Amino acid sequence: MWPQARLPPHPAMAEETRQSKLAAAKRKLKEYWQRNSPGVPAGAKRNRKTNGSIHETATSGGCHSPGDSATGIHGESPTSSATLKDLESPCQELAVVPDSRSVKVSQLKNTIKSLKQQNKQVEHQLEEEKKANNEKQKAERELEVQIQRLNIQKGKLNTDLYHTKRSLRYFEEESKDLAVRLQHSLQRKGELERALSAVTATQKKKAERQFSSRSKARMEWKLEQSMREQALLKAQLTQLKESLKEVQLERDEYAEHLKGERARWQQRMRKMSQEVCSLKKEKKHDKYRVEKLERSLSKLKHQMAEPLPPEPPAVPSEVELQHLRKELERVAGELQAQVEYNQRISLLNEGQKERLREQEERLQEQQERLPEQEERLQQLAEPQNSFKELNNENKSVLQLEQQVKELQEKLGKERLEAASQQKQQLTAQLSLMALPGEGDGGGHLDSEGEEAPRPIPSIPQDLESREAMSGFMDHLEEKADLSELVEKEELGFFQYYRERCHQKVYHPITKPGGSAKDAAPGGGHHQAGPGQGGDEGEAAGAAGDGVAAGGDYKGHSKFLVTAQNPAHEPSPGAPAPQELGAAHKHGDLCEVSLTDSVEPVQGEAREGSPHDNPTAQPIVQDHQEHPGLGSNCCVPFFCWAWLPRRRR
């Protein structure tokens, strides 16, 4: 048996080794023939050499039998009979040789066939490796291109994220600055209010000591100054509100932008999912085609593996072999192309899946950011809610103030009726008690009799003159106390007028073309519409109350001048109808004394106060529990801020 040769690295080298092996086998056959034929002459040896060369050239595909070589020798030299005779004996000897040579030749043929098959397999493997390398290189290039695209998209997304973060930081800083400025303005406002309250307290003390035209001028000047400061504060607050509105508009625009971006990403996700579905369908179709090709390939392999029918020793036709090779190459090429296509589709699917994952992560990040933005929006809406609460409190306070005013008017009427009755009693008593030589005292008594808030018991006519004089002097002392009380009530009225002026500043009339004079006839009795203008009605009512109070102040000053001027005193026995008419005309004096006597700022127990009247005590208590707008002047600004939003 011949030793099996190793697989050559290259087909050209395999061909050379095959030829060298064939030449070596031919040499060994020649040597064997020479050994078995010792009696052959030299000429025959030469002929054998020539025949051997001819035999080498003739047997390019394999080795022939010794009979064939002998026939070839006879065909070449028919003339020489000696050589024929000489060759007959070795041919006969060679015919007697055992069949081992034919067995060796068949073995050599089998080895040659196996080597050819191995050569084909190696060539096929080399082609497959080359194709696989080409596919890998193509896939690597495609992956590099996809990686570059992903890096570019990543850079763009990073820049967008940076810009969004920067804008968010900018908005946060602006909102913080606005909040700090608003806080400072509120602190400044509180300081100014405290300063104003301190100034009013000092002015009150000075007015209690001395009431003159100089103090009035100073008070008016300081009032104007405070009003200017309040106007400046109002302008600053309007600027802050405008900036806050701009920030809110920018916030809304940014929220809309985020919504649009989210819708865009969702649309892109839908497109990508549709593409993935189409790729999956194509992949299924390609799998089906691959299965078909694999079935056909398995059938071909099965057909090739089946034992062929016994053929004649002749070599099969090369045309059939070439046809089979072409079929096999075609099927292998189709299979390889299908495998390449499947690999590309799998790579594309992986890339699409990675993109979908990245987009899902981005959407999750945006969804995580949305609650933070909602919290910020809620934080921005918290001051608006506080404004609404303050607005509601302001409405309730105005309603309570209106109720208190109505009760005060009723109480003032009752007090006026009681005062008129007391005056009638006093005039009757003075006419009975009048003595000669006491006319001046009686005149002075009549001049101050209209301001007596308490009833004096009737004096019997059968008393002695000294007792009547002592009672009369006591009555005069009480009248002097009442005059002091009237001065205190006048100061309280000035303070009430100042608070109403502050309310005018803090409650501006927001209707276009409206003014304080137009709102004055309302007298505080205002009603808000169902949809809008509720705060406007409140502000107009407050301004109307202030104007009405100003008119009452003018009439009350005239009344005080007539009451305190001794030159215009009536005669002792006259009933003083002008004073009664003035008292009825300026009935707000009693109302002012009531409101001033119950204010917690003064805190002084006066004679003739409403605490003496049991019907006025619950009203006073209610007014102390629910003070008016003078105690909290910052509320109307918030009402002013909410008016344009309600109109929307």
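Including glycine, each Cβ sits where the backbone N, Cα and C put it.
If you check Swiss-Prot, you get these features:
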type	residues	note
COILED	105-160	coiled coil
COILED	223-275	coiled coil
COILED	318-424	coiled coil
COMPBIAS	1-11	compositional bias 'Pro residues'
COMPBIAS	50-62	compositional bias 'Polar residues'
COMPBIAS	121-139	compositional bias 'Basic and acidic residues'
COMPBIAS	441-453	compositional bias 'Basic and acidic residues'
COMPBIAS	521-534	compositional bias 'Gly residues'
REGION	1-84	region 'Disordered'
REGION	119-139	region 'Disordered'
REGION	356-376	region 'Disordered'
REGION	434-461	region 'Disordered'
REGION	508-549	region 'Disordered'
REGION	600-624	region 'Disordered'
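Helix, strand and coil counts under DSSP for the compositional bias 'Basic and acidic residues' (121-139) come to 19 helix, 0 strand, 0 coil. Counting same-chain residues at least six beyond the ends of the region 'Disordered' (356-376), those with a Cβ under 8 angstroms from any Cβ of the stretch are 157, 172, 255, 258, 261-262, 265-266, 268-269, 272-273, 276. Here the coiled coil (223-275) touches the coiled coil (318-424). Their Cβ atoms form 3 or more pairs under 8 Å, with each pair 6 or more residues apart. Across the region 'Disordered' (356-376), DSSP assigns 21 helix, 0 strand, 0 coil.
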